[in-house]
């Protein structure tokens, strides 16, 4: 069962009631989505899932938008996602107080929209987004390792897929961490790493921008069609940067009573987000203008030479690799929950041989498949833009406001109702156009695609 009987508003339940709840839980909820965390832990999980290395692509997004539109879309993304994540949290709290706590996104869709929506729309989209994030993290981790390698051996023989396999081996170990709640300390370290490499990216950009007096070009290039598709590509990049897709699963890790805890966690997350997103985007675009690379730290290297000290580039890449491993294991949790629900027995102990062996095998296979995809498709960044358009925009921008209006039924004369309708309509249109733009980009880049390419 996805929903469990909730604690009362005062958070007190009898031991008999608690035991009854545990009996009602399936293996995925019982072993992976343990409700033991505090609002601080919630903040760590949220920060790791949102404030991740995709933020280093924000200066690149600005190249399609320019200064005014770039800052405006970045601010709109922050406001809308903070608002929509809070709405989603309020819906979850409402169901918990009514005695039907929802632990997963698809459970919410089942109850609010109907079972077919959870089974055929929300569930598959969430899986695609989360597993796509794992593949993307594995690919980027391999690319960062290769960057470090080439700094020491510029003509070294090792290929990109070999570094992706090395990162996959690290993921094989981390994937065995039993539950989402068990990641709380790792995600605290991840938060610190995010601040560290964002500060390095900002500082490095400012240093290069002030040291090298080359003229900076901030103009928008291309004809009207190219500019239009560029704008929607940039929106997809920004949406992916703000994307989460696992708000219900994160709230499921919070110990009851849940009221107000998610809001505190979001405040931690968006404090870190404000410090990192805006500083990296603005400093990177200021320093490199239209020459901003898809990852701004790539601008620290030019013609095989580093524009900042080598140790600095090495340090930044190590920070990114370590945080990528935390981000990947967070986005593995929905997959782990499904695997646990499929192969484990909730009536047996969590660490019994009956549950440990299928858990280790299934999680290892999940990581091996993700690593293989990353190694085969090193152009996965283009595909991820498509996943962002099809996945993150519906899950994080559209469904929260729809769920809120259907659950609380605000008056059609109220500002909240029409604000939510406006967000749903606008971002539905944006999602469709961004998906078209992503497909177009895949078509343009297809001639360069090659399996196991050493890019």
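Note that Cβ sites are derived from N, Cα and C of the backbone, with glycine treated the same way.
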Which of these ranges is annotated transmembrane segment in TrEMBL: 91-112, 267-288? 267-288
Which range, 35-55, 161-181, does TrEMBL list as transmembrane segment? 161-181
Give the range, chosen from 339-359, 360-380, that TrEMBL lists as transmembrane segment. 360-380
